[in-house]
Amino acid sequence: MAQIIDGKMISQQIKDELKERVAKLKEEGKEITLAVVQVGKDPASSVYVNNKKKACAYIGINSLSYELEETITEKELLELIYELNDNPVVNGILVQLPLPSHIKEDKIINAINPKKDVDGFHPQNVGSMCIGERGFVSCTPAGVIQLLKRSNISIAGKECVVIGRSNIVGKPMSLLLLQEDATVTIAHSKTKDLKEVTKRADILVVAVGKPKFITKDYLKKGAIVIDVGIHRDENNKLCGDVDYDSVIDEVSAITPVPGGVGPMTIAMLMNNCVESALNI
Ligand code: NAD
């Protein structure tokens, strides 16, 4: 029987550990404050932002909310970022993506003080991760590593295949697995014979952005499958990039959707917020 990797339970463990750390910091007179910036009223973004604010409240982190009009200019948004960079009360800055098309996301991310970049998207933090130095690590891939470690799944020496090469999931995921001494292959939209590649995987991380894309034909028997995707299927039910029903008898462990990687992203964001107050 496959091990179901319980992201809900593991993320709760992490949040409880952080809650304790925050309480201790408070006793030392240290408050943690996250600035949450949302542009426009995209319903999916509003759900993510609200979940992040709820997690802050649970752990004891203050959140400052900036709900901005869709029509805000890039210059005005940059001015807010500079203001938050200079505000000594603010430890972390989170700008909910995506931004409206008239604002260049790169420009906004690059403007955030790397020491307040709790999403781990600033090039300085990406560079630090690349060379294994201290810095903020992108939350979803960091969450995947925690899921594996806290489920007692060893990574060192394993054949790991990551499908996807995005800056926020695929690339940092591959680097983190490499840091854990895995042998890592990155597959993407131009990979020839994807099945031949994925069948080599002891651990397959799927961040392809296509609902139920991975079926049992892509797997080696006994593989561990981490499903990063999140979609709604034809019945409006949440599903991942992996066809769960097709693979469940082939895998030795798998993350469900919902309740797998998703809750870990927020837990790792909270972890980065706590680190931000410790001045990494
Ligand atoms: P993306 O669209 O930026 O990247 C998808 C990647 O898949 C690309 O690098 C592309 O090369 C690759 N790809 C596309 N078609 C392919 C194919 N046929 N064969 C092989 N590779 C192919 O997506 P992303 O931002 O990396 O997100 C991936 C998924 O993870 C999405 O479903 C997204 O919703 C989800 N996601 C979940 C969380 C979470 O917290 N659970 C966080 C971020 C993203």
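Every residue gets a Cβ built from N, Cα and C, even glycine.
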Segment assigned the feature coiled coil in TrEMBL (from 8-35, 232-259): 8-35
Secondary structure content of the domain 'Tetrahydrofolate dehydrogenase/cyclohydrolase catalytic' (5-119), with strand meaning DSSP E or B: 61 helix, 18 strand, 36 coil
Nonlocal residues around Ser166 (NADP(+) binding site), in sequence order (Cβ under 8 Å, 6 or more apart): Ala207
